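Novice: Below you'll find the structure I mean.
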Amino acid sequence: MIRDLCEGQLEGGEIGSTEITFTPGKIKGGTHIADTKTAGSVCLLMQVAMPCVLFAASPSELRLKGGTNAEMAPQIDYTVMVFKPIAEKFNFTFDCDIKKRGYYPQGGGEVIVQMSPVKQLSPINLTERGTVTKIYGRAFVAGVLPIKLVKEMSSAAVRCIRKEIRDLYINIQPVQEPDHQAFGNGSGIIIVAETSTGCLLAGSSLGKRGKNSDKVGIEAAEMLLRNLKHGGAVDDYLQDQLIIFMALANGVSRIKSGPITLHTQTAIHFAEQLTKAKFTVTKSEEEDSAKDAYIIECQGTGMMNSSL
């Protein structure tokens, strides 16, 4: 997909290959189609394409096909509810139209992302967590799965959160995905906590055969509570997704996170290899020592879009 986006050359991009050679050309806008032909995540395709199309010569439309709610990747709901509003603080915007949802193992989902290029990205500062002001979410079933699973997931999640947070109304929307907007069978839940400073942290989980729907709800709730405990302004999953934008932005970006994940360490390593960005990670001092929070700081490269 990236090869096609920038009229580049790619050698060794096949299964079993241990080495690739990629020579990029000029990034062009327009319509680009990428189809995993499996439940491979459309959100991961989006993550790869987005930093490129931001520096294209004209607006882009990405037609991405595969899994929208797949294991080992952000659910499309996470991308829209958490990633999008925070990533747009770098001073770009995108539209994400979910045409059809697709689940493991067949995939079959389709998402259309529209995005205009920018001259330069602005740095961000996400270090003030604030207090949790609302908790909301979405629990869904699709295909032949009964709607009662939604109630079971939601109730279990709410019960779990209530043990820690008693005073907030928790609004989890129950959804039966319409047949024409979903391919195959799937179920899952995402729960988002919004704070007084506009931070968004989430927990999510997917149903699968043989997995009790109460367990799905509890998993999502526990993930959310874990992310609220460390005192960071981003959750464990947003942490690594912001690294590339910090590296490209013009100026110093700072985010406060929980313990640094292996994904984030990897993202920082490659961002530093491929750009002149410099990252530092320090333990956050201002909290009570019970909290395990870190500050990720980056002196961005101030990448300019030469076409604009």
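Even glycines carry a Cβ here, placed using N, Cα and C.
Predicted automatically and left uncurated, TrEMBL annotations should be read as such.
According to TrEMBL, the record shows the following:
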type: ACT_SITE; residues: H263; note: active site, tele-AMP-histidine intermediate
type: BINDING; residues: Q47, Y237, L238, Q239, D240, Q241; note: ATP binding site
type: DOMAIN; residues: 2-281; note: domain 'RNA 3'-terminal phosphate cyclase'
type: DOMAIN; residues: 127-228; note: domain 'RNA 3'-terminal phosphate cyclase insert'
Novice: Tell me the Cα distance separating H263 (active site, tele-AMP-histidine intermediate) from Q241 (ATP binding site), rounded to the nearest angstrom.
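Specialist: Answer for this pair: 9 Å between alpha carbons.
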Novice: At the level of the C-alpha atoms, what whole-angstrom distance separates Q239 (ATP binding site) and the residue listed as 'active site, tele-AMP-histidine intermediate'?
Specialist: 9
Novice: For the recorded ATP site formed by Q47, Y237, L238, Q239, D240, Q241, name the remaining residues of the chain with Cβ within 8 Å of the site's Cβ center, in chain order.
Specialist: P74, F83, V234, D236, L242, I243, H263, T264
Novice: With an 8 Å cut-off on Cβ-Cβ distance and a minimum sequence separation of at least 6, pull the same-chain contacts of Y237 (ATP binding site), or say none.
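Specialist: Looking at Cβ-Cβ distances below 8 Å from Y237 (ATP binding site), excluding near sequence neighbours, one finds P74, Y78, V82, A202.
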Novice: What average pLDDT is reported by the model for the domain 'RNA 3'-terminal phosphate cyclase' (2-281)?
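Specialist: Per the prediction, mean pLDDT sits at 97 for the domain 'RNA 3'-terminal phosphate cyclase' (2-281).
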Novice: Please report the distance from the Cα of H263 (active site, tele-AMP-histidine intermediate) to the Cα of L238 (ATP binding site), rounded to the nearest angstrom.
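Specialist: About 10 Å separate the Cα atoms of these two residues.
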Novice: For a quick check of packing: other C-beta atoms within 10 Å of the C-beta of D240 (ATP binding site), how many?
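Specialist: Around the Cβ of D240 (ATP binding site), 21 other Cβ atoms lie within 10 Å.
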